[in-house]
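For reference, Swiss-Prot has these:
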{"type": "DOMAIN", "residues": "88-246", "note": "domain 'CP-type G'"}
{"type": "BINDING", "residues": "Asn137, Lys138, Ile139, Asp140, Gly188, His189, Ser190, Gly191, Val192, Gly193, Lys194, Ser195, Thr196", "note": "GTP binding site"}
{"type": "BINDING", "residues": "Cys270, Cys275, His277, Cys283", "note": "Zn(2+) binding site"}
Amino acid sequence: MKETLSGVVTRVTGASYIVETGDGLKVRCRTVPGTVSENEGSNLVAVGDRVEFRPKASETDMAEGVITRVEERRTALVRRREVRRNRSKEKEQVIVANIDQLVLITSFDDPPFNSRLVDRYLVFAESEKLPLLIVVNKIDLDEEGMVEEDLEVYRQLDCNICLVSAEDGRGIEELRELLRDRVSAFSGHSGVGKSTLINLLVGCEELRTAETSGKTGKGVHTTTSSAMFQLPGGGYVIDTPGIREFNLAGITRENLRFYYTEFLRYMPECTFSSCSHTVEPGCAVIAAVESGSIARERYESYLALLDSLAE
């Protein structure tokens, strides 16, 4: 029997997986019906997964192998998909695994800063106990510092924020330090400059880039598969496909309130322990919004997200 080796999945393209070993060997692998996984209820393999594989004869210049085991994931970035034939059932799609932090790439303009998207990612990061770094690109377009108005509410929440410009290089070194010696998953809508930033950080043109659609104002997707890249000086970044609608797996109408962290200090003062903070009398959260202790835009974001969640 051939020797079993271990490595980390650095790229997923369809049913093909690139696994990199500790000594830098890259092996193109596939799974088989007997592949063992420590993770149930989701796709078998994702970028960032630690796996065991068995080398096999290759007819190409690249080594090939068969994945025999997928180790248990310590963290995962999940997108939830509904099963078409029975919409009451859901299947988790793990986009990346075993990350140290989630990095949300936004932009000041083209497309404009989207606070509702930021709030969705904050909820997800809080639910998964993952640090979230908010990166605002294209600050070269913000000559008057207008983005600070959008960011003030997040600074009050002690969010990690980094302002950068892929165009003139501002903030890139600061961002590099925030990524050093960590496995960071880059996510966000297409068109914000995610691929351009990764190319700058990695030091070569690894990824295609695209402009924002003039018709919709939304990004044109250029990332179609996840991939992990090593950073000079330490650390890894994982590029993930643009997510137009980020689905919050595991978040319900009943538990959403616990992930708006500014609500927590007021919740014990509500008249009803199951208060949804919408219409109930004696709601301390609503009172805090009225007094200005909780930002109204965050509360309105909560209501909108609550309404979007299934009953």
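Placement of Cβ uses the backbone N, Cα and C atoms for every residue, glycine included.
Binding-site extent for GTP: residues Asn137, Lys138, Ile139, Asp140, Gly188, His189, Ser190, Gly191, Val192, Gly193, Lys194, Ser195, Thr196, maximum pairwise Cα distance 19 Å (rounded to the nearest whole number).
Cα separation, Cys275 (Zn(2+) binding site) to Asn137 (GTP binding site), rounded: 38 Å. Taking Ser190 (GTP binding site) as the reference point, none of the binding-site residues Cys270, His277, Cys283 has a C-alpha atom within 10 Å of its C-alpha. Neighbours of Thr196 (GTP binding site), defined as other CB atoms within 10 A of its CB across all chains, total 20.
Distance from the CA of Gly188 (GTP binding site) to the CA of His277 (Zn(2+) binding site) is 29 Å.
Looking only at the binding-site residues Asn137, Gly188, Thr196, the one with its C-alpha closest to Cys283 (Zn(2+) binding site) is Gly188. Note: Cys270 (Zn(2+) binding site) has non-local neighbours His277, Glu280, Gly282, Cys283, Ala284, Val285, i.e. same-chain residues 6+ apart with C-beta under 8 A of its own C-beta. Sequence-ordered, the extra residues of this chain that approach the Zn(2+) site, with Cβ no more than 8 Å from the Cβ center of Cys270, Cys275, His277, Cys283, are Tyr266, Met267, Thr271, Phe272, Ser276, Thr278, Glu280, Gly282, Ala284, Val285, Ile286.
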